[in-house]
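Single-structure report; data block below.
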Amino acid sequence: MTSDDLDFWALHGLPGPEFDLEPRWNNATALGPLRIPFGVDANGTTVALDFSRWSSLDDHVLVIGAPGAGTTTLLRTVALGVCIARSPADANFLLVEGKPNQGEFADLAEVKHCVGHVTFSRGEESRILERLADVLAGEVARRGRLFQTAGVSHIDDYRRAAQAGADLEPLPEVFTIIDNLAWLHAAYFDTVAQMLTADGHRCGLRIIAGASYDLWQTLHSNGYFDAFTARVALGLSAEQASEVLGATVTDDLVAPGAACFHHLGGEPVRVRVAMVDA
């Protein structure tokens, strides 16, 4: 179920895979801190993706992994963490699988938090890509209209107005979780990705993307990944991880579940990742 003996459920303060999340959801608020635990550091301290940082810091997460290192499984772990942390009314995710005939997110596509599940199909890439880009661009525009009607410019202000009694449509945050960014790299989608990274914090739209080190090497020099300020290196050499994180990593990440995490303004943290395989 997990990498080595790290208990995913204990990481979230849960007894096991059978649990009632309603009390936890009821105690959380859409305006409260949103931290998604995904592993522990060398001291056993929980390491989390923090989506509550001030002024759009670390809104978008990039996972760069070696082949077979567990990038897909880490993305599944984060998706399940979103389900645990927030109710479907406050947080949703859109799953985008970029590997043909894999279906590795099929079970997560059944949960109430999932608002869409896009799968790779050979020969249909262009059509799927354009449709996905249209959906995401449309959601940015829709949220902009809702903000305008409510007289606000940010999702937090929108939610405050709703909590104060304004008759407003519920507006959960949406995490677009992309496994294998390579097949989405095209001019049409790239334009929408730039829109999401520019307006994501304001609109409550975030990207968590997995990609190979080969893709990183191809695209990073032109600034393609600059907006992904929270980064996880998984299964890479120390040299590769240092390049991805923009900070010195001293040891290779060779053990199962071995990763290094870096966020804007912080130091690299060696992480043992809790990976839920099923």
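Just so you know, glycine gets a Cβ as well, placed from its N, Cα and C.
Automated prediction, rather than curation, is the source of TrEMBL annotations.
Features as listed in TrEMBL:
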- Gly65, Ala66, Pro67, Gly68, Ala69, Gly70, Thr71, Thr72: ATP binding site (BINDING)
- 44-243: domain 'FtsK' (DOMAIN)
Q: By Cβ count within 10 Å, point out the most packed of the binding-site residues listed: Ala66, Ala69.
A: Ala69
Q) Any idea what the model's mean pLDDT is for the domain 'FtsK' (44-243)? A) 89
Q. DSSP three-state call for Gly65 (ATP binding site): helix, strand or coil?
A. strand
Q. What count of other C-beta atoms do you get within 10 angstroms of the C-beta of Pro67 (ATP binding site), across all chains shown?
A. 9
**Q.** CB within-chain contacts under 8 A for Gly65 (ATP binding site), separation at least 6
**A.** Thr71, Leu74, Gly210, Ala211, Ser212, Tyr213, Ala233, Leu234, Gly235, Leu236
Q) In which DSSP state, out of helix, strand and coil, do we find Thr71 (ATP binding site)? A) helix
Q. Within 10 Å of the Cβ of Thr71 (ATP binding site), how many other Cβ atoms are there?
A. 23
**Q.** binding-site residues listed as Gly68, Gly70, least Cβ neighbours within 10 Å
**A.** Gly68
